[in-house]
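Here is what TrEMBL records for this protein:
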- Glu81: active site, proton donor/acceptor (ACT_SITE)
- Cys113: active site, acyl-thioester intermediate (ACT_SITE)
- His244: active site, proton donor/acceptor (ACT_SITE)
- Tyr147, Lys253, Asn287: (3S)-3-hydroxy-3-methylglutaryl-CoA binding site (BINDING)
- 3-168: domain 'Hydroxymethylglutaryl-coenzyme A synthase N-terminal' (DOMAIN)
- 174-257: domain 'Hydroxymethylglutaryl-coenzyme A synthase C-terminal' (DOMAIN)
- 270-369: domain 'Hydroxymethylglutaryl-coenzyme A synthase C-terminal' (DOMAIN)
- 370-396: region 'Disordered' (REGION)
Amino acid sequence: MQAGLESLGIAVPPTYVELAELARARGVAPGKYVDGLGVTRMAVPLVEEDTVTLAARAARMAMEAAGCTAEDVGMLVVGTETAVDHSKPVSSYVQGLLGLSTRCRVFETKHACYGGTAALLLAMDWVRSGSAKGKKALIICSDIARYGVGTPGEPTQGAGAVALLVSDKPKLLAFEAGKTGAYAKDVMDFWRPLYSKDAVVDGHYSVQCYLDALEGAYRAYQEAAEDAGGEGAYSDRFAALVYHVPYGKMSRKAHRHVRTLDGDKEPDASFDRLVGPSLVLPSQVGNIYTGSMYLALASLLSCSREELTGKRVGLFSYGSGSCAEFFSAVVQPEAQARVKALGLENLLEKRRALSIPEYEAIMAAREKLDDKPAEETPGEGFRYQGTRDHKRIYAR
Ligand SMILES: CC(C)(COP(=O)(O)OP(=O)(O)OC[C@H]1O[C@@H](n2cnc3c(N)ncnc32)[C@H](O)[C@@H]1OP(=O)(O)O)[C@@H](O)C(=O)NCCC(=O)NCCS
């Protein structure tokens, strides 16, 4: 049985910071953030937004795009590393906000930025095994990436969610069964202690851990696919490569590494062709942790000028700590038109720029949000309003 993506949905905050402006405020050359890291804008969530509201918004878009009803969903998993509770999963709040059926398996997964991929691969097996019995899985990657004001990681923050509707009717991508290569190693490259809202990161070491994991997963994929050898670079079997993208430059480093492993003497030469279109949207949003590779995938389908139908895409997901996976999928007819119709580029264009003091005020306010007394807030859509009796309250 086939399994893959029937539709997808994206949610990003309505506000962002220009990284050139942030650089000037920090006394750094703007070129370091914009060219050195490859990020132009960084999404900053308003205080009424959290991992739950972003997830619910993205899920609603994915469901509407596929004409999926609440009863159609038999599994709802949220992959996140910025959950809102130590016990109650983000997915339960989302189930409530979306009014999904009680006949649904609902839970949350965590493994840094790999959590959503773990859920996606599990959902794929659920569909292929026949256990889904025609139901769909809603996999949502939702995070607010936060390193803290003034830290080296600050320009690599962001916020957003990507929802993936998985079923036996893949209208966007059909994943290739058995073609996955995993790599895991116990490393301390990035973590967030229970007492902290900000991540702790050994930045340069995390880049090396990512590249080591990429190499391990890429080799494991080749073994699993049993198609090594032959003419030319192995990665030319893919019409596009989508890497986990904490910031754009990381994808460039990843691609250079893959092509070097392939024996390519000019490892950067294929970057624009194979990777470029996947970075258009991420460069406007920044790091969204679990969702970042899937935002890059949406960017590829939305922004590539090449006809990709029937072609293979390679995907690399990395979660610090660490676990990584290289896997592949085939683009389905009209997938690009369907994703273009979501108007994602337009969605990003409509956002409002924050000044640096506005951004810093929001970051400070977020410190106290978890026990802010609930109050009615004006506005539309899913909104976090605060807590009452230790319970988080949401407007829908
Ligand atoms: C990514 C990170 C380690 C960069 O840290 P940093 O020490 O502040 O930045 P660097 O000095 O390494 O500079 C970053 C890049 O900008 C380049 N750069 C510096 N000044 C520049 C300028 N004025 N113009 C253009 N490029 C410039 C550097 O050469 C470097 O490029 P390179 O990586 O190709 O060598 C840091 O942002 C971080 O910790 N991020 C969070 C962790 C993360 O995202 N890890 C990824 C793996 S999961």
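Cβ coordinates come from backbone N, Cα and C, glycine included.
Secondary structure at Lys253 ((3S)-3-hydroxy-3-methylglutaryl-CoA binding site), taken from DSSP and collapsed to helix, strand or coil, is helix. Note on the region 'Disordered' (370-396): residues 47-50, 52-53, 56-57, 84-85, 93, 96-97 of its chain, located 6 or more positions outside it, place their CB under 8 angstroms from a CB of the stretch. There are 31 other CB atoms within 10 A of the CB of the residue listed as 'active site, acyl-thioester intermediate', with all protein chains counted. Shown in sequence order, Ala145, Thr156, Gln157, Gly158, Val245, Pro246, Tyr247 are the residues of the chain, 6+ apart in sequence, with a C-beta less than 8 angstroms from the C-beta of Asn287 ((3S)-3-hydroxy-3-methylglutaryl-CoA binding site).
The full span of the recorded (3S)-3-hydroxy-3-methylglutaryl-CoA binding residues, Tyr147, Lys253, Asn287, taken as their largest Cα to Cα distance, is 22 Å. Following the DSSP three-state reduction, the secondary structure of Cys113 (active site, acyl-thioester intermediate) is strand.
DSSP assigns His244 (active site, proton donor/acceptor) to coil, not to a helix or a strand. Secondary structure from DSSP puts Asn287 ((3S)-3-hydroxy-3-methylglutaryl-CoA binding site) in coil.
Of the recorded residues, Tyr147 ((3S)-3-hydroxy-3-methylglutaryl-CoA binding site) and Glu81 (active site, proton donor/acceptor) place their C-alpha atoms 13 Å from one another. Within the model, the domain 'Hydroxymethylglutaryl-coenzyme A synthase C-terminal' (270-369) shows a mean pLDDT value of 97, rounded to a whole number. Listed recorded positions: His244, Lys253; maximum Cβ neighbour count within 10 Å falls on His244. If you compare Cα positions, His244 (active site, proton donor/acceptor) sits closest to Cys113 out of the recorded positions Glu81, Cys113, Lys253.
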